[in-house]
Amino acid sequence: MFHLRTCAAKLRPLTASQTVKTFSQNRPAAARTFGQIRCYTAPVAAEPFLSGTSSNYVEEMYYAWLENPKSVHKSWDIFFRNTNAGAPPGTAYQSPLPLSPGSLSAVARAGPLVEAQPNVDKLVEDHLAVQSLIRAYQIRGHHVAQLDPLGILDADLDSSVPADIISSTDKLGFYGLDESDLDKVFHLPTTTFIGGQESALPLREIIRRLEMAYCQHIGVEFMFINDLEQCQWIRQKFETPGVMQFTNEEKRTLLARLVRSTRFEEFLQRKWSSEKRFGLEGCEVLIPALKTIIDKSSENGVDYVIMGMPHRGRLNVLANVIRKELEQIFCQFDSKLEAADEGSGDVKYHLGMYHRRINRVTDRNITLSLVANPSHLEAADPVVMGKTKAEQFYCGDTEGKKVMSILLHGDAAFAGQGIVYETFHLSDLPSYTTHGTVHVVVNNQIGFTTDPRMARSSPYPTDVARVVNAPIFHVNSDDPEAVMYVCKVAAEWRSTFHKDVVVDLVCYRRNGHNEMDEPMFTQPLMYKQIRKQKPVLQKYAELLVSQGVVNQPEYEEEISKYDKICEEAFARSKDEKILHIKHWLDSPWPGFFTLDGQPRSMTCPSTGLTEDILTHIGNVASSVPVEDFTIHGGLSRILKTRGELVKNRTVDWALAEYMAFGSLLKEGIHIRLSGQDVERGTFSHRHHVLHDQNVDKRTCIPMNHLWPNQAPYTVCNSSLSEYGVLGFELGFAMASPNALVLWEAQFGDFHNTAQCIIDQFICPGQAKWVRQNGIVLLLPHGMEGMGPEHSSARPERFLQMCNDDPDVLPDLKEANFDINQLYDCNWVVVNCSTPGNFFHVLRRQILLPFRKPLIIFTPKSLLRHPEARSNFDEMLPGTHFQRVIPEDGPAAQNPGNVKRLLFCTGKVYYDLTRERKARDMVEQVAITRIEQLSPFPFDLLLQEVQKYPSAELAWCQEEHKNQGYYDYVKPRLRTTISRAKPVWYAGRDPAAAPATGNKKTHLTELQRLLDTAFDLDAFKNFS
């Protein structure tokens, strides 16, 4: 904007009437400029006091003067008339160009006006100073807000008072003002709402109102937001006089909620004083805070709230926000109750919950879900986001108006855990946004025993939220009404702008980290003050009694009423005989299981398809279904090759995946594929999103053009995050069993940055929380000389975490043995060697009557390997996933002549067959591929061993001996054959790194393992 600098510029010859007419015609509604009135010719240096953001106020006055010179103070009238006449705005500024003789006479006639200029300059400078003062409070007022309920610490680590905040009258000198200016009246700029209906206020009142808005029990951080509308919205919410008013009914409701929150913790302390419960004492206001957010969101149309939180206060939230039956909570404290045979279970302050009820404030139905989580702080954040995104997707809530998420955090974890940053950066990505999350930080100003000054480098624990321009509302938790107002504004912000917002509840922790911990060892001064601190319930009750809102008997009756509720629930809890984890399910799947939670059958239909369907999908996969769409020439060749494969009734890896996905879409199964570069594929094999070479950002997804009324296909390149994105996809898969949700690592090696999600959620999730999940992990794996970080998906780690017993041979004659195995396992681990088998295992994942995580070690070089092809015949009706692919060559025709039976999995099979052919040993060595590693195919492998009675057994792998599959396979193979024979090893030696970075060394190691595999005398010295 040109701002008022142009006032001192040389003017076009306009009459006053022409000036007003031009202004009224051209003045924009929001952004204003003088460009349509003046020629901007004066250099900026000539009028520095009129430049920058300080010009806003002068600009307002100037527009008012143009419309009616009498509407402004006489001093402003003098200033603008002098400026328009060409007089210099001050002795410090350069004069404009000389005036024409006619204009000079006009200046002469206005002599008294020019003489008044020095006073005008002072007035303008004072007004600009006041505007700067207002802005200083808006930017830095939170630094001096009274946020710590203990009054001994600063909520931010920077304890210095900003120089531009008026903490004493001598600070007025910073702005060129003094005490004599305090009673002067100043016009208020449009960037503040402290005036309410008044457009001007005395300086004393301006400072008082700014202190009330920004320096009391609420500190607002928002001026880093680069959106004027959003900043103005926040200013209005916190600056408008009298905006934080509550009715007596609202105050009574707040008191009742505080009673429930406080008395619940006290009840648990009385009954189980020696039990860990991670109570909420010191931040009891959290419960009414959450209920306020939910109430306001429900009022704005939200009917489903998904929550995630750590252990602190979790039982209280379950009881008083989610409304879990109190007796079910109390049962968790009974050490005599036996657990149902449903899994290993989890501690009570990790459990989740799902509940649908009526919101009493809005009288609307609302569903509340608290996601179960491990002790790993903040790990559940992306899981909650993913589940929220899924629920929005399934109900068509494209703007987040029906489903929302609330995340609770601790101050130390919010600042310290990197997953918080990863999750924030998903918040505005098109395929990951949940259209705004309300974050509530329980800031008890300590992390276990660690002082905040040792726990973070930023002033506040919430500073990470600034990266996504989320407003941050700090509030003193001992002021319940301030907390309620902030939470109401947070809910309104989310409803209005659909962006993240943070509420920082600055509180304290009355006990130690848990109820058994002694905090005085490390925080003696803090806890001396805490011992003196009056509980917030008592403070607020005394306030309301003094205000006449309630009387003492009413308050005591509220306490007695809730105490009675707790006692009655405690009595009912004694009737419970067994603990059921299923009572704590956070993501039920209505209709998928029987009423008692069992699969509706224990069979799986054929995963094959008719040739017509295969051909149709293949034709779409090899074409562009949109007209006037120009694809890359190289991609044209790829599609042409696909078309030729389809004509030859053959599929490669990319086509097999396409056919599996396309057929499930036809059956109404939503498919979501996510990960880094998955749209094209890291190895440029997938190409599920086509890009027009002539039109920027124009894309086509052929998979969404397969069938009329098909389910939608979502394929989305993720941010460069594994931990956050895998957690997100896990949460997405929680919402419905009728979706195939896949996460692909760029290379399998990189999954370990998401190890927490794998170790704490995917592997033990069902055992801990009775929560099935069908997520699929695609992990590119293979030793191909690409170095230690592009070779191994660490299969040994996944296999180590499988829950089957290597020393126990199951009942192989059991009906539906393979399905029962799948039902009993904690996850399925496969390494397919053919595209056809890959096709089948993807389809089986949905056709099974239950859900298990599926870990697939996918190939890299096999994607284009000429032998890694499957015929349509392997994918027709009646076919299915092959857990084991037996030898089908000459060795199988004469099994008595076979000297060695090699077991392997994955890509190494093609190295072995090539070497066997080169050595002409096709009749002496049989090769059996184990495609499904877990659950282990005992039954099929026993048949293979019995087929070759004279053969010695060896396991061959390309991975190092202490890695890969050997330590998992060997004991199970030995159990299969009742330890009748040894199982030898042919592979690389043990190593610390997964692979060498030297190509020659890689090839040498490969040849050595092949030599061992086909040297029939290799193991004689070990017999």
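Note: Cβ is positioned from N, Cα and C throughout, glycine not excepted.
Annotation source Swiss-Prot lists N6-succinyllysine at K74 (among others). Secondary structure at K74 (N6-succinyllysine), as computed by DSSP, is helix.
Following the DSSP three-state reduction, the secondary structure of H143 (Ca(2+) binding site) is helix. The Cβ neighbour count for H143 (Ca(2+) binding site), using a 10 Å radius over every protein chain in view, is 22. The Ca(2+) binding site feature in Swiss-Prot is assigned to H143, D156, D158.
For K401 (among others), the entry in Swiss-Prot reads N6-acetyllysine. K401 (N6-acetyllysine): 16 other CB atoms within 10 A of its CB, across all protein chains.
Marked as ubiquitin cross-link by Swiss-Prot: K534. In the structure as shown, the Cβ atom of K534 (ubiquitin cross-link) sits within 10 Å of 10 other Cβ atoms.
Marked as N6-succinyllysine by Swiss-Prot on the basis of similarity to another entry: K564 (among others). Counting only same-chain residues at least 6 apart in sequence, none has a Cβ under 8 Å from the Cβ of K564 (N6-succinyllysine).
If you look up Swiss-Prot, you'll see K970 (among others) marked as N6-acetyllysine, on the strength of similarity to another entry. For K970 (N6-acetyllysine), other Cβ atoms within 10 Å of its Cβ number 18. K970 (N6-acetyllysine) falls within a helix when secondary structure is assigned with DSSP.
The separation of D158 (Ca(2+) binding site) from K401 (N6-acetyllysine), Cα to Cα, is 38 Å.
Annotation for D158 (Ca(2+) binding site): same-chain Cβ neighbours under 8 Å, separated by at least 6 residues, are H143, P459. Applying an 8 A CB threshold to same-chain residues 6+ apart, the list for D156 (Ca(2+) binding site) reads H142, H143, P459, Y460.
Between the CA atoms of K534 (ubiquitin cross-link) and K74 (N6-succinyllysine) there is a gap of 56 Å. Recorded residues K74 (N6-succinyllysine) and K970 (N6-acetyllysine) have their alpha carbons 97 Å apart, per Cα-Cα distance.
Cβ contacts within 10 Å of K74 (N6-succinyllysine), excluding its own Cβ and spanning all protein chains shown: 11. Apart from the site residues H143, D156, D158, the chain places the Cβ of H142, D154, A155, L157, S159, S160, P459, Y460 no farther than 8 Å from the centroid of the site's Cβ atoms, the recorded Ca(2+) location.
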